[in-house]
Amino acid sequence: MKKNKILVCLTGGIALYKAASVVRGLVKAGFDLEIIMTATAQKFVAPLTFSSLIKRPVYTDEDWFTAADVLHIKLADWADAVIVIPATADILAKMAGGSADNLVTASLLASRAPKYVIPAMNEKMLTAPATQRNLQQLSADGVKILKPAKGLLAEGYSGYGRLPEPAEILTWLTKQLAVIDKQQDLQGKCVLISAGSTVEPLDPVRYLSNNSTGKMGFSIAQAAQQRGAEVILVAGPNHLALPTGVNYQPVKTAQQMEQKMLEFYPQADFVIMAAAVADFRPMRTAEQKIKKTGLDQLTLELVRNPDILLELGNRKQQQLLVGFAAETQQLLANATAKMQRKKVDLLVANDVSRADVGFGTSQNEVVFLRPQADPQLVSKRSKSAIADKIFDLLLDLDHQRRK
């Protein structure tokens, strides 16, 4: 493995003393480290402790205020990965909200490198709704999080929130950091992705749509960007944070999505139709709001929307095409038929009748289907992990066809 450059962000918690053993382990493993300490962190452990371990100065806010260059950008651009330890409730909130009020938070916001967070705090703070929302947001943003341990807390009683032991942290980090070397394996590739639902208006205030939130498609876009691809994201209405560094093309209706997908299709190497496109739309859209006065029933005439995936399959040249199948029954049978009918190279099937995975959740459980290959079950995991697996398979398919 190459000597990866790791930016370690140390924040102020009683568990900070354990970070010294983690830093020592990373140095011993051959990683090149830079360290930033918050002002609060310096009250727990002196910067000299960590500078002695890495044989170079530790950065603080004083350096941020006095440096001639833009230090947070310099550090963000330098790093292959960023580690936050111990991640306090405060730093989690700042990361989730995009704060940049000190050198640590500004560097985190500016960095496009993979981020690894190791939380530690009192159990009451860990389980607070705000902290749980922040953890969910960070996970959705692609941040990898090591679950806190259960044990004796600083307050003198046992509970969750304890920083795991350094050996466990190092094992987890070593496994996570081992994938950095492949993070740029999509460099030179153009990836076209559709995400979310489409909306088909009935009148100026009502529409037909579905439960897709776009989380899977956005996770795919983020994974592609992190692995070095040029990313074009065509997405229906959503409330998600836009992945950095992507060419974002917002749409509303299925017809608009088809137009954008066909516009960018010729330049794409990998095309991933993760959007849940409405199959039908109203034949007519009322110019004014439909009033219920005097109506006991309302009959809607619907017409078929364009089958975007089928059209992409028919136009396929150099592209590798990925489709999704959201099913509620006979998952394998329906997905296999769709794979064959739509001429896709990879079909990702999932059971959307389950409440714990699929639409609106941060996790998924899928089956990968490929022509002339056995179905491959991918057990329940984060959507960002599913996204990485999709690109692993696409790169393998791309390599096979180039032999």
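Even glycines carry a Cβ here, placed using N, Cα and C.
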What does TrEMBL list, out of Asp269, Asp279, Asp356, as binding the same CTP as Lys289, Pro306, Asp307, Ile308, Leu309, Phe324, Lys338, Lys342?
Asp279
If you draw a 10 Å sphere on the Cβ of Asp279 (CTP binding site), how many other Cβ atoms land inside?
14
Any idea of the Cα spread of the CTP site, Asp279, Lys289, Pro306, Asp307, Ile308, Leu309, Phe324, Lys338, Lys342, as a max distance in Å?
37
What are the sequence-distant neighbours of Ile308 (CTP binding site), meaning same chain, six or more residues apart, C-beta distance under 8 angstroms?
Ser194, Ala254, Met257, Glu258, Met261, Met273, Ala275, Val277
